[in-house]
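Here is the structure we will look at, set down as structure tokens.
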């Protein structure tokens, strides 16, 4: 069962993700002056917006269909990693933020608060959670692939977060150290999610929300070179990575969709 307090938290995340995602992805040029810090070029705002829009899909699916904790139990640790990383980036680069802008304080409160709220809500959910079922053999290939890809994403995102100055020149568009750490935080979220799925998935329907979220994110990111051609230079390795993630996301969706929509899960 999804507890009422958990559902309230998911509703809050849904509206925060939707507001940020719509603004940053659809009006990225405004993020230079109308966000918690100056985000430019515009492709960086759109990148962050893509993550929030994917999060809107994830939380929306949970609110719409989820009745069991296990339907989305692989997601909270990924959210914890994202929020903790962005909070740390905020503290490291506090001089880059517009502290006289009220929404900057909202940004900070969310990313400082989430790392405390998530473990509390997970603890409450696990107290009443259903017994862990045996792992389905149908998910073996998906879980192994997710473990490998997720670990690689985590290694890359940690490197980008810790050593942004050394890796900026290899990115297909211009990044500042702050933006590099924000980008790393989103890749860390999806890397953590994939590792969490590799460890925690038991039944096919449990895979639908995380892999639909991954698919949505990769589609939105693959559109960036088309939407911002002046900002994005040749990025063959990045494009190959995103296509691989798209294939993994689509595979996970195909393996799980029938079970997810067959009944309330």
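Any Cβ shown, glycine's included, is placed from N, Cα and C.
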In TrEMBL, one of 164-182, 183-201 is tagged transmembrane segment. Which stretch would that be?
183-201
Short question: which residues 6 or more past the ends of the transmembrane segment (12-31) have a Cβ under 8 Å from it?
38-40, 42-46, 48-56, 59-60, 63, 79, 110, 220, 228
Among 43-64, 71-92, 183-201, 208-227, stretch most in contact with the transmembrane segment (144-163) (C-beta, under 8 angstroms)
183-201
Under 8 Å Cβ-Cβ from the transmembrane segment (208-227), and at least six residues away from its ends along the same chain, one finds 25, 43, 46-47, 49-51, 53-55, 57-58, 61-62, 66, 71-72, 74-75, 172, 190, 193-194, 196-197, 235, 239, 242-243, 245-246, 248-253, 255-257, 259-260
Quick tally over 43-64, 71-92, 239-263 of CB pairs under 8 Å to the transmembrane segment (104-123) gives the top stretch as 71-92
